[in-house]
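According to TrEMBL, the protein has these features:
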DOMAIN    37-182  domain 'Glycosyl hydrolase family 59 catalytic'
DOMAIN    207-304  domain 'Glycosyl hydrolase family 59 catalytic'
DOMAIN    312-427  domain 'Glycosyl hydrolase family 59 central'
DOMAIN    463-637  domain 'Glycosyl hydrolase family 59 C-terminal lectin'
SIGNAL    1-22  signal peptide
Amino acid sequence: MEQRVLAVAVLFLGWSLSFCLSQTYLLDDEEGLGRVFDGIGGLSGGGATSRLLVNYAEPYRRQILDYLFKPHFGASLHILKVEIGGDAQTTDGTEPSHMHYENDENYFRGYEWWLMKEAKKRNPNITLIGLPWAFPGWVGHGKNWPYDYPDITAAYVVNWILGAKQYHDLDIQYVGVLLQVRNTKKLYNYIQCSVFRTDDYYCCTTAHYPGTNTVMEAVKTKKKLWSSEDYSTFNDEVGGGCWARILNQNYVNGLMTSTISWNLVASYYDELPFGRDGLMTAEEPWSGNYVVESPIWITAHTTQFTQPGWTYLQTVGHLAQGGSYVALTDGKGNLTVVIETMTHDHSVCIRPPLPPFSVTSQNATFQLKGSFASIKELQVWRSQFNFKTKKPLFFEKLTPLKLLDGSLTLNLAEDEVYTLTTIPTGQKGSYPDSPPSARFPKVYKDNFNVPNPSFSEAPNFADQTGVFEYYINMTDPGPHVFTLRQVLTERPVTWVADADQTISVIGDYQWQNLTVVCDVFMESIKTGGVFIAARVDKGGQSVRSAKGVFFWVFADGTYKVTNDLAGQTVLAEGQSGTRAYGWNTLSLTVEGQDVSGLLNGDPLWKKTVVLTPKNGWAAIGTHSFELAQFDNFAVVAE
């Protein structure tokens, strides 16, 4: 019995000693420095991830932008990367091209121009990057591949760069070309080059979702290494933990000097693919509600205390009991150290799979050497996820730490992030709480009468295939002068499986019983077709398989009601007398299992029955890639 007690006592003593002992980590520049830091960023696009942001009223829209871009306030991002719109579905929607057709140029479509200017307004030094995911059909010359005619593809991208400067005074620092093997979804590293430098060094080798690792072949190129699309994880606290881990370990493990989050802000309908996979959430412009999520403050731990052009120390790495630390300097005496102790289950990203590892509480002593030995005090900022109590504390400023002979010791618990820095300007910016969350209005109308729209898309419509833009119908002297028009006449060079029909969704995904009304105008003789829809259950990269209740009329004088966007499951059909170049008013009512419709106020079919789906968005669209107009859209939902 005495031996057992003694053994337990020795075991307990050994554990106590190991816990109290501190591992020492040198922060030293005497042997040289590491790679140059290129910044932390967010990605708008790939696709249509900022769609709802532009529809926010002030002051809420300004506040969201401040949390993202304003220095010393929130995320204080160094980089904004945007999609060069290609008229195709690129994950959560389509973004319009600056060149729908070869002889067409318009540098005011979409919202990325506006977003870049707003970012630049807040941070004049922000780095701007453009990348095309998809291309208008003419670029591929009839093929779903944009690289068989490299001169055409290059000229298309160059026009976008020149348009950014000419029309918006925006200097695009980098552009990239995403390489994808034909007929696969597999992404390969791609070269992203500086617009203003032609020497080989200013091209970066970049990867998407590298899992914090870089292949040795990329390291051997001695080029800059970037994780140019990363994160893509639900932005709860585990998502924040994912972001904290990869921001450090992308450099510690992979020597990547820039990490860019997909996406910048989750500003698209939540039920689209990858809902809430942004640094913050702003998906309710109708209510004004937005949420500053944990990744904003995790970003601030690095961005508020560094700048592109700083340099990593060579003395970075993993902590003895799990976690990691990085240190950067501006070469002028300033030092910033970022430490994370995220545990495995609290830092899982959506991809790739995360191998097992362990993190336990530990003491860590940091010994400053070289030019940092004279530093006497460091500012301290801390985030504690507190998964057990579910009361997280993010980006708190603590009492500055005094250094003794260039040394300091921290007691690091699990799931924490620390910043130690000589930079005194950090700030946890704040605004009053945004308005309460609310469902999309049950009664909604839009007559599209906007003579000088700020944006080419109508509020709250989310294009899923095709492009729907404000249009001035100069040939119509009647009430339909200002309309919404689907403008694509050929299938784009797609990134994912766009539908064969065009479709734009709107409203509350939970809508069940509702009436949708819209005036429609076909512009394709005999072959034209348009629809209104209710209970649409899919969008984004799954839009081809969308089901719902679709009420179609065609220019050959027929109609049909289908249970799917593809038009394969027919619920009712017959003669309508509809023709191209004439306005018709469609009305679709879905109540329980019953579906009824009106054409110009007259019943078109007896009630038919639909069993699924039970709920979904309202929508408008066309039978193919064809010109068609829509006006006086209205929804009344129960």
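Placed from the backbone N, Cα and C atoms, the Cβ positions cover glycine too.
TrEMBL labels come from automatic prediction, so no person has curated them.
What you see is a predicted model, and the numbers here were worked out from it, not measured in a lab.
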The domain 'Glycosyl hydrolase family 59 C-terminal lectin' (463-637) versus listed stretches 37-182, 207-304, 312-427: most Cβ pairs under 8 Å: 37-182
For the domain 'Glycosyl hydrolase family 59 catalytic' (37-182), residues assigned helix / strand / coil by DSSP: 47 helix, 23 strand, 76 coil
Mean of pLDDT values spanning the domain 'Glycosyl hydrolase family 59 catalytic' (37-182): 95
